Amino acid sequence: MLVLYGHSTQDVPETNARVVGGTEARRNSWPSQISLQYLSGGKWYHTCGGTLIRQNWVMTAAHCVDRTMTFRVVIGEHNLSQNDGTEQSASVQKIVVHPYWNSNDVSAGYDIALLRLAQKVTLNSYVQLGVLPQEGAILANNSPCYITGWGLTKTNGQLAQVLQQAYLPTVDYAICSSSSYWGSIVKKSMVCAGGDGIRSGCQGDSGGPLHCSVNGKYTVHGVTSFVSSLGCNVSRKPTVFTRVSAYITWINNVIASN
């Protein structure tokens, strides 16, 4: 059984991840990170992260846009509660969810969506495109990565106001799919990272990037998907990400045809 936006006593995946055990990111040090926000009662609220991949396209998790809402993207953001002077916002004009996504079964994979913005954002030192990996690229076990987001800073806690980052080394598929970790819930189309019981993603980080250092350059290898419903930072339950390198062709095709 899988839980979306809820809690269960069983150890099942729960979407909505956020950063636990992290530190405040240096201002605008992750310039492809976006805040996905929804409109409610005349105010905008952060719900998920995402990555700017073209000037008018954002990559996020499918489960972030399951519900019909008015969304906008804010980029160049650092502190959600104040105007940093570097932000740009754009309304979401079109949402393209992966055709195989099933909101009742996040463990099947395909937790990825692309958002076309109503206008192009301007690139500058605060706003940059995320670099995506090559199709099929698989990271070695214990590769150095960082998760970033404004998600909860502890299980059942509060959203972070300033962007957080946490070091989450990858856990390869052989280990992550073993019975003492996630078992068969994790698929080859996913990336696992963390699992030390201290640092993790948590609610509100979902859809955001896993930045991995490859040849000295940060590449977005993951889209934050789910954590254990027992808590965000559970030992041997790494944060699970959609593996971006499994979807490069799909991403390029969607952008080309829209």
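Quick reminder: no glycine exception, Cβ is built from N, Cα and C everywhere.
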Going by Swiss-Prot alone, which of Asn79, Asn141 is annotated as N-linked glycosylation site? Asn79
Swiss-Prot annotation, disulfide partner among Cys145, Cys176, Cys212, Cys232 for Cys202: Cys232
Cys145 forms a disulfide with which residue in Swiss-Prot, given the options Cys176, Cys192, Cys212? Cys212
Residue among Cys64, Cys192 that, according to Swiss-Prot, closes a disulfide with Cys176: Cys192
Where does Asn233 (N-linked glycosylation site) sit in DSSP terms: helix, strand, or coil? coil
What are the sequence-distant neighbours of Cys64 (disulfide bond), meaning same chain, six or more residues apart, C-beta distance under 8 angstroms? Leu36, Thr47, Cys48, Gly50, Ala113, Ser206, Gly207
The number of other Cβ atoms within 10 Å of the Cβ of Glu87 (Ca(2+) binding site), counted over all protein chains shown, is 16
Protein Cβ atoms within 10 Å of Cys212 (disulfide bond), excluding its own: 24
